[in-house]
Amino acid sequence: MGKLTGKTALITGASQGIGEGIARVFARHGANLILLDISDEIEKLADELGGRGHRCTAVKADVRDFASVQAAVARAKETEGRIDILVNNAGVCRLGNFLDMSEEDRDFHIDINIKGVWNVTKAVLPEMIKRKDGRIVMMSSVTGDMVADPGETAYALSKAAIVGLTKSLAVEYAQSGIRVNAICPGYVRTPMAESIARQSNPDDPESVLTEMAKAIPLRRLADPLEVGELAAFLASDESSYLTGTQNVIDGGSTLPESVSVGV
């Protein structure tokens with residue numbers, strides 16, 4: 001039996017990147033999956049995992065729209081009966097200098113990275129409270145609360161907010177049997193990281209990823225499956241005394257005082 005056997009997990013932003021990695025790890029640990037995404041690609045992953053014998057349901061929704069989220073959660077519960085674990089993973093990042101960033105791009109981060117998390121949590125939490133049992137895993141970042149990079153002001157703002165939300169929910173609903181913890185990844189080899197690299201250097205994005213890796217003590221970007229294993233730990237009984245925590249998985253990237261050429 002896996003550490004998540006018999007549990008049903010709703011994972012947002014699951015069609016690619018970290019969300020896909022979490023879905024694959026959760027399936028390996030025995031969870032029943034509800035994969036929520038705005039992209040049609042979510043059906044492909046659900047079909048693949050289902051074809052391998054995992055119980056997996058895909059639901060389409062825009063996390064910015066509370067009515068859309070409510071409808072998706074209702075459809076999912078018709079299939080699975082309940083949601084034991086929520087992984088708020090859906091997120092975006094667009095580079096832009098603070099003074100040059102449009103209100104549209106600013107709100108794009110706020111609407112998905114903050115309001116989206118708020119909406120999905122609000123739709124799922126009441127039934128967890130009724131059962132007095134639930135695990136919520138938030139996807140924050142080292143960016144925002146710990147470090148900052150030029151061009152990522154809106155992203156940093158949104159991810160720092162998730163830390164505050166995590167701690168507040170952990171305190172507010174601890175007596176209801178709900179545990180809430182955040183994951184703070186550094187650079188992970190995902191379509192988002194590749195998009196940031198293309199925005200930084202359209203002519204040679206791979207060189208940007210190479211430089212990212214050089215600045216990390218472990219000299220590589222994380223694999224989404226590694227983040228998935230941390231999420232599985234936080235969603236399982238193995239972390240039964242953890243709530244309100246920030247769990248950094250960054251290969252040591254936040255350790256150096258400055259980037260060095262090495263010795």
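The backbone N, Cα and C atoms fix where each Cβ goes, glycine too.
What you see is a predicted model, and the numbers here were worked out from it, not measured in a lab.
According to Swiss-Prot, the NAD(+) binding site annotation covers 10-32, on the basis of similarity to another entry. Following the DSSP three-state reduction, the secondary structure of Gln16 (NAD(+) binding site) is coil. The Cβ neighbour count for Gln16 (NAD(+) binding site), using a 10 Å radius over every protein chain in view, is 17.
In the shown protein chains, 28 other C-beta atoms lie within 10 A of the C-beta of Ser141 (substrate binding site). Reduced to three states, the DSSP call for Ser141 (substrate binding site) is coil. Per Swiss-Prot, substrate binding site is recorded for Ser141.
In the three-state DSSP classification, Tyr155 (active site, proton acceptor) falls within a helix. Annotation comment: Swiss-Prot describes Tyr155 as active site, proton acceptor, evidence class similarity to another entry.
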Residue pair Ala31 (NAD(+) binding site), Ser141 (substrate binding site) - Cα distance, angstrom, rounded: 25
Those binding-site residues listed as Ile22, Val25, Ala31, and which of them has the most Cβ atoms within 10 Å of its own Cβ: Ile22
